[in-house]
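Remarks on the structure that follows.
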Amino acid sequence: MEMFHTLGGAVDVDRRREAIFKRCLPLADRIARHYGGRGEDIEDLTQVARLGLVKAVNRFDPTKGSHFVAFAVPTMMGEVRRHFRDHGWSMHVPRRLKDRHGHITRATMELTQTLGRAPTAGQLAELLDMTREDIVDSMLAAEAYRVHSIDAPVSSGDSAPRMVSDTVGEIDFEFDRITDKETVRPLLAALPERERTVLYLRFFESMTQSQIAERIGVSQMHVSRILEKTLRELRNQL
């Protein structure tokens with residue numbers, strides 16, 4: 001973040017942007033691998049994700065108070081999804097849904113930077129003058145982005161044919177955890193210190209409520225109430 005704040009008046013802007021880009025390259029490559037096994041070459045996906053990173057570096061506005069990674073991740077993921085959209089849909093989807101999804105993707109990136117987190121369906125609907133049902137329908141249509149059927153044969157040097165499903169890797173849940181952490185981080189930063197500490201100890205240090213109570217000097221019941229209230233407030237903001 002400090003590097004971004006120096007970009008505006010820096011003479012060597014290009015050099016600083018390049019440094020930020022290189023620092024975040026592993027994240028772009030991980031996003032590309034996350035979408036692997038769906039009928040597209042991993043090298044192509046890597047280039048697309050890196051293009052998304054370039055766009056994120058160029059578009060990010062640190063004065064709005066959001067974290068760069070919370071803005072960059074959806075930007076890169078949106079770029080990869082757009083790549084799948086442009087290369088075909090695995091089932092017939094009405095053109096209006098395809099077009100609408102493009103508007104939703106751009107609005108999502110815009111609101112993510114403004115809010116410092118992923119927007120809700122209601123916020124997207126308000127910005128785009130759509131109904132929540134329209135937003136949800138378009139998101140469901142996005143599931144058709146897979147270019148190949150999971151049972152489609154793929155070429156192989158072996159005598160026995162293989163299916164696409166044989167080449168699909170396991171879901172990397174650690175990636176989702178990283179994405180979730182970066183999206184919710186601005187919300188956590190806005191919490192009072194005690195509530196933030198309780199959440200950190202519970203979900204990042206995996207401490208029990210009793211252990212947390214002993215650590216901060218309150219009862220286990222009080223910790224339970226803090227967790228319930230804070231999580232409810234966070235859910236309302238997501």
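From the backbone N, Cα and C atoms, a Cβ is placed for every residue, glycine too.
Heads up, TrEMBL stuff is auto-annotated, nobody curated it.
Remember, it's a predicted structure, so these values are computed and weren't measured experimentally.
Some features that TrEMBL has for this protein:
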- 21-89: domain 'RNA polymerase sigma-70 region 2' (DOMAIN)
- 102-155: domain 'RNA polymerase sigma-70 region 3' (DOMAIN)
- 187-236: domain 'RNA polymerase sigma-70 region 4' (DOMAIN)
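Looking only at the domain 'RNA polymerase sigma-70 region 3' (102-155), the predicted model's pLDDT averages out at 70. Note: the domain 'RNA polymerase sigma-70 region 4' (187-236) comprises 40 helix, 0 strand, 10 coil (DSSP; helix = H, G, I, strand = E, B). Note: the domain 'RNA polymerase sigma-70 region 2' (21-89) comprises 54 helix, 0 strand, 15 coil (DSSP; helix = H, G, I, strand = E, B).
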